[in-house]
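Asker: Take a look at this one; I'll ask things after.
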Amino acid sequence: MAILGELGTEILIPVCGVIGIVFAVAQWFIVSKVKVTPGAASAAAGAKNGYGDYLIEEEEGLNDHNVVVKCAEIQTAISEGATSFLFTMYQYVGMFMVVFAAIIFLFLGSIEGFSTKGQPCTYSKGTCKPALYTALFSTASFLLGAITSLVSGFLGMKIATYANARTTLEARKGVGKAFITAFRSGAVMGFLLSSSGLVVLYITINVFKMYYGDDWEGLFESITGYGLGGSSMALFGRVGGGIYTKAADVGADLVGKVERNIPEDDPRNPAVIADNVGDNVGDIAGMGSDLFGSYAESSCAALVVASISSFGINHDFTAMCYPLLVSSVGIIVCLLTTLFATDFFEIKAANEIEPALKKQLIISTALMTVGVAVISWLALPAKFTIFNFGAQKEVSNWGLFFCVAVGLWAGLIIGFVTEYYTSNAYSPVQDVADSCRTGAATNVIFGLALGYKSVIIPIFAIAVSIYVSFSIAAMYGIAMAALGMLSTMATGLAIDAYGPISDNAGGIAEMAGMSHRIRERTDALDAAGNTTAAIGKGFAIGSAALVSLALFGAFVSRAGVKVVDVLSPKVFIGLIVGAMLPYWFSAMTMKSVGSAALKMVEEVRRQFNTIPGLMEGTAKPDYATCVKISTDASIKEMIPPGALVMLTPLIVGTLFGVETLSGVLAGALVSGVQIAISASNTGGAWDNAKKYIEAGNSEHARSLGPKGSDCHKAAVIGDTIGDPLKDTSGPSLNILIKLMAVESLVFAPFFATYGGLLFKYI
């Protein structure tokens with residue numbers, strides 16, 4: 001038996017979750033002390049008010065009431081635009097939730113003809129609860145997961161729009177103060193999301209347990225709906241937010257920077273507010289929902305496999321909750337790690353920012369390895385058995401620790417390889433920048449080659465972690481490796497959210513007409529944020545591959561498939577169709593960004609041509625029209641990709657059966673991961689090649705610049721092509737592979753009973 005008793009588990013998990021939420025609120029309270037509203041005395045000429053505290057001595061001349069007012073106005077415009085978009089999207093997503101909840105109930109309830117009689121359990125002796133009740137609880141957990149995901153995304157966006165202007169104003173004190181404000185704000189989102197995800201899942205398990213009692217097989221099967229709800233909302237957040245942000249970004253860049261030769265975030269550009277809104281709805285709300293979905297799904301996959309292993313059969317609640325205990329330890333580890341950035345060390349110069357963020361990843365991974373070792377010793381029996389395709393495999397507690405540790409360190413390796421290929425501090429991006437000498441075509445060729453090459457090491461890291469974890473603990477080992485990769489999610493999310501907050505802060509500084517030296521500081525924050533955003537995408541894609549495989553294993557077990565035979569025609573046709581789906585999905589999202597950007601370009605050109613004095617800065621552009629174009633386009637364009645992902649498992653499972661569906665899932669996983677990594681890294685490299693030329697921090701960079709040169713224009717074109725790759729198609733693909741797998745798992749009993757209708761008549 002485990003050292004940690006059931007009572008200890010019941011205390012430890014919610015306490016860690018609550019500590020995470022309290023820490024998030026404390027960070028928010030500290031950020032809120034930075035005031036964006038000028039004091040009453042600040043309007044008086046020469047008045048010495050509190051705002052004098054902001055300014056470093058040589059910039060005392062900037063103690064200007066108007067700067068603070070402008071920052072507040074811009075922040076309000078960005079916040080209102082983001083809120084408006086999310087509420088519009090949530091109306092459509094709400095309708096989808098209701099319809100899909102009804103489908104879950106009808107499909108799963110029909111397995112035993114809506115009977116209320118108990119049935120013999122599949123994997124353990126005894127009677128399990130009726131399928132009708134499992135259908136009801138699966139529907140409830142789907143709605144809970146969906147609502148938690150939506151609330152997490154919304155709160156993340158609210159925090160980011162609350163923090164952006166505060167980061168700008170703190171930049172007047174120095175780069176260190178601005179960094180801490182942006183990072184604390186990111187930490188609010190990271191801890192709020194990871195802690196609330198854990199607490200809601202734990203409460204759901206305990207509430208469902210009141211009904212299910214000893215039927216843990218049915219209990220954890222119904223919990224899988226939580227992962228499906230979280231990930232389906234993430235799909236719409238990522239795709240809708242990605243289309244929104246990139247339509248605005250491409251439109252603003254093409255007309256503003258290439259045609260009109262005005263700087264990024266120039267207030268004369270009509271698309272500039274839409275562009276800044278997009279950073280929040282795509283990179284904050286979408287990314288938060290994405291990682292929440294990964295966490296929920298890997299937990300569900302581990303719980304489903306554990307419920308039919310010795311943990312579930314022997315009703316060992318502490319060992320059963322091992323995935324949740326790992327996440328609980330992760331919250332405490334991330335809390336300690338965050339203090340290193342905010343309290344123990346101070347950033348004094350711009351070149352200290354990126355190392356500080358990288359240290360966060362290394363410290364959290366090292367501490368988490370120790371934490372997992374301790375919890376594996378306390379929570380797991382010395383020996384236990386894990387379900388492995390019809391047989392039980394004996395595993396030790398240290399074996400399972402090794403599975404989690406392999407996933408944890410594989411995530412760090414993927415993160416740093418991603419950084420190597422996307423940071424302009426290293427030769428790959430510098431080579432891409434150098435290729436701009438001969439125009440945009442060579443820039444595109446070099447960027448694509450970099451993206452394809454960047455797939456190699458992450459895939460080997462994923463392959464090694466799959467082989468090691470499967471050899472030790474079968475599919476449960478893979479699920480725990482995925483959870484290991486996601487165990488430092490609070491720190492990962494804090495670093496990820498820091499990027500868009502810094503980006504917005506730079507935009508606000510430019511629009512408020514602040515000193516170029518303030519802009520240099522926000523640019524330094526943004527440059528580090530760009531690299532860490534690429535690292536975050538690497539984590540998301542790597543964890544998605546492991547999560548998808550773990551869900552695939554749970555689906556195959558639940559559907560009663562003994563072996564997936566690639567030589568079987570039923571499986572093979574699924575395999576090649578599944579491998580095609582990421583291309584179809586990417587085509588839809590890329591085209592959506594392109595068509596939305598076309599409308600945006602036309603509108604921006606129209607305003608420059610028809611509004612007198614706009615180019616001279618004497619007239620204001622119509623920001624609202626551009627915001628509306630992005631909102632309408634993203635809502636309309638997110639439906640077809642969403643339908644493709646949600647309907648494919650239902651159609652394939654019902655018409656062709658579980659064997660073909662298992663082929664589709666395997667094919668989508670194999671091709672989707674490769675495209676996602678290459679798309680994200682290609683786009684990230686083009687973006688940083690452009691920034692490398694703009695910054696001109698080395699002799700080589702200065703030989704390619706300055707802004708407005710032919711080299712720079714070629715780099716801007718590459719960056720514009722890369723925008724939808726790195727922020728729409730690439731990140732959305734990891735949701736495609738996870739979502740199809742978790743949906744197949746939820747509907748597995750229905751497909752096993754009624755699936756393969758077409759083959760029955762052929």
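The backbone N, Cα and C atoms fix where each Cβ goes, and this holds for glycine too.
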Asker: Using Swiss-Prot as the source, do Ile313 and Asp503 end up on the same side of the membrane?
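Answerer: Result: no, Ile313 and Asp503 do not share a side in Swiss-Prot.
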Asker: What residues, ordered by sequence, lie under 8 A Cβ-to-Cβ from Lys246 (substrate binding site) and sit at least six positions away in the same chain?
Answerer: Gly278, Gly282, Val593, Ala596, Ala597, Asp723, Pro724, Asp727, Thr728
Asker: Which is it, of Arg238, Lys726, Lys738: the one of these recorded positions whose Cβ has the most other Cβ atoms within 10 Å?
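Answerer: Going through Arg238, Lys726, Lys738 one by one, the largest Cβ count within 10 Å is at Lys738.
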Asker: Just the number: how many Å between the Cα atoms of Arg238 (site 'Important for proton transport') and Asp279 (Mg(2+) 3 binding site)?
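Answerer: Their Cα atoms are separated by 12 Å.
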Asker: May I ask whether the transmembrane segment (132-159) has at least three C-beta pairs under 8 Å with the transmembrane segment (283-308), counting pairs 6 or more apart in sequence?
Answerer: yes
Asker: Between Glu297 (site 'Important for proton transport') and Lys726 (substrate binding site), what C-alpha distance do you get in Å?
Answerer: 23
Asker: If you count other C-beta atoms within 10 angstroms, which of the recorded positions Asp283, Glu297, Asp503, Asp727 is the most crowded?
Answerer: Glu297
Asker: Select the range from 317-342, 398-421, 570-598, 729-754 that forms the most Cβ-Cβ pairs under 8 Å with the transmembrane segment (531-559).
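Answerer: Out of the listed stretches, 729-754 contacts the transmembrane segment (531-559) most.
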Asker: What residues elsewhere in the chain lie close to the transmembrane segment (132-159), defined as a C-beta under 8 angstroms and at least 6 residues from its ends?
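Answerer: Beyond its ends, the transmembrane segment (132-159) has Cβ neighbours at 28, 79, 82-83, 86, 90, 93, 97, 100-101, 104-109, 111-112, 114-116, 185, 188-189, 192-193, 196-197, 200, 204, 208, 211-212, 218, 221-234, 237, 280-281, 284-286, 288-289, 292-293, 296, 497, 746, 749.
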Asker: So if I measure Cβ to Cβ from Cys121 (disulfide bond) and keep only same-chain residues at least 6 apart in sequence, which ones fall under 8 Å?
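Answerer: Result: Thr127, Cys128, Asp215, Glu217.
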